[in-house]
There are 2 protein chains.
Amino acid sequence: MRTSGSTELDHTHDPSARSCVPGADGHPDFPIQNLPLGLFSPEGGTTRAGVAIGDQILDLAAAQAAGLVTGDAARAVTAAESGDLNGMLALGTGPRRALREQLFALLRADGPDRDRVPPLLHAAASCTLHLPARIGDYTDFFVGIDHATNTGRQFRPEQPLLPNYRHVPVGYHGRASSIRPSGVPVRRPHGQAKPPHLDAPVFGPSRRLDYELELGVWIGPGNALGTPVPIAEAAGQVAGFCLLNDWSARDIQGWEYQPLGPFLAKSFATTISPWIVTPEALAPFRIPQTARPSGDPDPLPYLLDEADQAGGALDLELDILLSTRAAREAGLPPHRVARSNARHMYWTVAQMIAHHTSGGCNLRPGDLLGTGTLSGPDPESCGSLLETTHGGKAPIRLASGEERRFLEDGDEVILTARGLREGFAPIGFGACRATVCPAPVYPAPAYPAP
Amino acid sequence: MRTSGSTELDHTHDPSARSCVPGADGHPDFPIQNLPLGLFSPEGGTTRAGVAIGDQILDLAAAQAAGLVTGDAARAVTAAESGDLNGMLALGTGPRRALREQLFALLRADGPDRDRVPPLLHAAASCTLHLPARIGDYTDFFVGIDHATNTGRQFRPEQPLLPNYRHVPVGYHGRASSIRPSGVPVRRPHGQAKPPHLDAPVFGPSRRLDYELELGVWIGPGNALGTPVPIAEAAGQVAGFCLLNDWSARDIQGWEYQPLGPFLAKSFATTISPWIVTPEALAPFRIPQTARPSGDPDPLPYLLDEADQAGGALDLELDILLSTRAAREAGLPPHRVARSNARHMYWTVAQMIAHHTSGGCNLRPGDLLGTGTLSGPDPESCGSLLETTHGGKAPIRLASGEERRFLEDGDEVILTARGLREGFAPIGFGACRATVCPAPVYPAPAYPAP
């Protein structure tokens, strides 16, 4: 069963389609061609499933109660009644696609039910957005080859890119409990680090706090333990995408990461954009997999699929913006510190999933995968400050006149993603943003220092 | 608030106490002094909370319905009505201790309600045991210094123990979805490996499948994101212990683990013993922390607590037994391949928790920590075949006359733990066992090999 139908284009991608919702047409993120899924609470209301349209959120259960969503699409809405989207994601491509088609028909400017739409809408600005699903496990990959090379140079100057990189979609397990939606502040972590000039490690607030620009991938149906997902079926496991900031404390990371990988350097916080942008919405931005230079070894057969090679990569413009406290006080807009693109993934999402499950590991609906930092080959496309500032040696200068080697308290980091293709409506992901707040006062050690 | 009261001894540790449940006195694992918590289904019945006593399981909700559990103890039972023990674990030490005291009184041979006990019991042999909690996140540490040294030698002969080891309780995030209770067979995983004599990696069933002997630690109340748990309060976060087999594919591990740590080499399966042995039951087996040789650097203050140094280690005899198919067919008992002890932990459980949360990472009720492999200093006390057979170079000979370098299909691995101390009733954990079954037929690659 081939399930990678996510490159198909249909009438829901028609760039000339207009919406009955004021402000949706030409909206930078959420025109009628996007229709991402999320979990929200209106002011004073319960948590429920919704779809972003312009600056509004459509209440899915209300649409179903009004008889405006039926059949397979109604199954998807019913599956989300438990207070998260896990059940909806578990249903896979069919019901999700049916829901998209019915919502597209409902929200069209010329739709027969357009007069029944306004009561179903809530102003997004007055709603709280939640993590869309209970995340059972979170896995972070390392598929940005330029990032792997750039950061490898910081940690291992003698061998930046390890011999396994071009064969293995390298990944590691991340921490699910500390993933938060956009807007939740991030506390600077304490931790152990050993600066080069000291003989022994010290403990204190991280001095090398960094962001990492990534895409997140939501898992749909999942697989049974012991049953690998073949590469040709892997795309059918994808329920959607988000932006992901894999906050990283570089001083802690450099000291702790051998031999078992990053741990506390990452587990203090991960921020994601709360809307699930579906594979259907991203179909126009599918491109051939080109990040693997010719001459590199072919992927092993379990990672190789013709359709995936032809259309498994994504062309999404990815920006990192930084807004310092001083800049905000001066009324300056966020400063763009990097522009990258999702096309720089050395391994496709299908390859990540086929590899992840190849030993029998089971994925569950609502699991989250991170791509790893998506840097491009140019200095202006680095997905982390570690790369941009060469490990803090070459500070960047902001429009406010300030310099940054790493993040300071009060800095807000904003990630954005945009699909842009001639002949199609641009769509975005909504923001993935969070402000760094000071480290907590560390609880006094109960035992005097020796 | 100091919460590490788990070393206190009281009347529930009286070795002369006898139980009204036939077979409980002198039971190798579950005499009246143990009373571990679990989740079970009787034949044809629903999933419910229970306590092991001898070869029986006491139904906690039935005991409460009969009015035999009251007050704080009843709160603990009510919290487990949702079909898992997360809510009970979240309540922390007080209600758990109250439950222990009331059950001890109920199950005594001379207890006033002893005649009302039999209807509450189910024969364990006819019940199914489940994972006791939904495991939100699973973290595996590396606190066995002999294991770290022995395995480090296999992967990095030039530097077995890295410079951070004596300062950092090294750990990594593990995979929660593939944790299974004792008895569930383990499928040999496929994976990528690069044998030294080949220039490129190959994909196929692991040829170097191994076990790892660990203790698991169940988290109780948990902490809020951004709020570290001070070392003096860390013991209050422990809800109990289990045995944990961290199955490992050494050929996959050796090729994939740089630079982000083990991933598919571990994520295909983790087996745990299903009973939660409480800190109260283990109080008699608390000993001073002695695994850190004098002359090693002192732990940093956030990891140092007088009470933890004085009684934070555990004296538990840990055995690894191997039962091959041929041995079973010949009627031979399982062969003991190693005997180790939990006292070989370089870091205490409280240190693991204080470190894990030191950067603000939040633990949630029902999270699971693994200690890492608990090898001792002697060849007979190695917690993995990688160590025992020197990476497969020196096979072990079994009583059946067979040899093993790594595990073969049909091998059953059995881990046991026993607290033994003069003047106290011995207690055990119940078995952590699973049989290796053959790798699945790998789904045919959709793309021909080049």
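Placed from the backbone N, Cα and C atoms, the Cβ positions cover glycine too.
TrEMBL labels come from automatic prediction, so no person has curated them.
Quick look at what TrEMBL annotates:
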ACT_SITE  B:His147  active site, proton acceptor
BINDING   B:Asp140, B:Glu212, B:Glu214, B:Asp246  Ca(2+) binding site
BINDING   B:Phe142, B:Arg156, B:Gln253, B:Tyr257, B:Thr373  substrate binding site
BINDING   B:Asp246, B:Lys266, B:Thr270  Mg(2+) binding site
DOMAIN    B:33-132  domain 'Fumarylacetoacetase N-terminal'
DOMAIN    B:165-436  domain 'Fumarylacetoacetase-like C-terminal'
REGION    B:1-27  region 'Disordered'
REGION    B:178-201  region 'Disordered'
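Positions of TrEMBL features highlighted on the structure.
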| residue | record | DSSP (3 states) |
| --- | --- | --- |
| B:Asp140 | Ca(2+) binding site | strand |
| B:His147 | active site, proton acceptor | helix |
| B:Arg156 | substrate binding site | coil |
| B:Glu212 | Ca(2+) binding site | coil |
| B:Asp246 | Ca(2+) binding site | coil |
| B:Gln253 | substrate binding site | helix |
| B:Lys266 | Mg(2+) binding site | helix |
| B:Thr373 | substrate binding site | coil |
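Proximity to B:Lys266 (Mg(2+) binding site), defined by a C-alpha to C-alpha distance within 10 angstroms, is shown by the following recorded positions from B:Phe142, B:His147, B:Arg156, B:Glu214, B:Asp246, B:Gln253: B:Asp246, B:Gln253. Of all the binding-site residues in the list B:Glu212, B:Glu214, B:Thr270, B:Thr373, the shortest Cα-Cα distance to the residue listed as 'active site, proton acceptor' is found for B:Thr373. Looking only at the binding-site residues B:Asp140, B:Phe142, B:Gln253, B:Thr373, the one with its C-alpha closest to B:Thr270 (Mg(2+) binding site) is B:Asp140.
Between the CA atoms of B:Thr373 (substrate binding site) and B:Glu214 (Ca(2+) binding site) there is a gap of 5 Å.
Taken together, the residues in the domain 'Fumarylacetoacetase N-terminal' (B:33-132) have a mean pLDDT of 97 on the 0 to 100 scale. Each of B:Gly174, B:Leu213, B:Leu244, B:Asn245, B:Ser248, B:Lys266, B:Thr270, B:Gly370, B:Thr371, B:Gly372, B:Thr373 belongs to the same chain as B:Asp140, B:Glu212, B:Glu214, B:Asp246, is absent from that list, and has a C-beta within 8 angstroms of the C-beta centroid marking the Ca(2+) site. The two recorded residues, B:Glu212 (Ca(2+) binding site) and B:Phe142 (substrate binding site), show a Cα separation of 11 Å. Under 8 angstroms separates the C-beta of B:Phe142, B:Tyr257 from a C-beta of chain A, among the binding-site residues B:Phe142, B:Tyr257, B:Thr373.
In terms of C-alpha distance, the listed binding-site residues B:Phe142, B:Arg156, B:Gln253, B:Tyr257 place B:Phe142 closest to B:Glu214 (Ca(2+) binding site). Here the Cα atom of B:Phe142 (substrate binding site) is found 12 Å from that of B:Asp246 (Ca(2+) binding site). Around the Cβ of B:Asp140 (Ca(2+) binding site), 27 further Cβ atoms fall within 10 Å across all displayed protein chains. Annotation for the binding-site residues B:Glu212, B:Glu214, B:Asp246: lowest Cβ count within 10 Å of the residue's own Cβ, B:Asp246. DSSP places the residues of the domain 'Fumarylacetoacetase N-terminal' (B:33-132) in helix, strand and coil in these numbers: 44 helix, 21 strand, 35 coil. Within 10 Å of the C-beta of B:Phe142 (substrate binding site) there are 24 other C-beta atoms, taking all protein chains into account.
Fewest Cβ neighbours within 10 Å among the recorded positions B:His147, B:Arg156, B:Lys266: that distinction goes to B:Arg156.
On a Cα basis, B:Gln253 (substrate binding site) lies 15 Å away from B:Asp140 (Ca(2+) binding site). In the structure shown, the C-beta of B:Thr373 has more C-beta neighbours within 10 angstroms than that of any other entry among the binding-site residues B:Gln253, B:Thr270, B:Thr373. Counting only same-chain residues six or more apart in sequence, the Cβ atoms lying under 8 angstroms from the Cβ of B:Tyr257 (substrate binding site) belong to B:Phe155, B:Phe263, B:Ala265.
Taking the mean position of the Cβ atoms of B:Asp246, B:Lys266, B:Thr270 as the Mg(2+) site, the remaining same-chain residues with a Cβ inside 8 Å of that point are B:Asp140, B:Gly174, B:Arg175, B:Glu212, B:Leu244, B:Asn245, B:Trp247, B:Ser248, B:Ser267, B:Ala269, B:Gly370.
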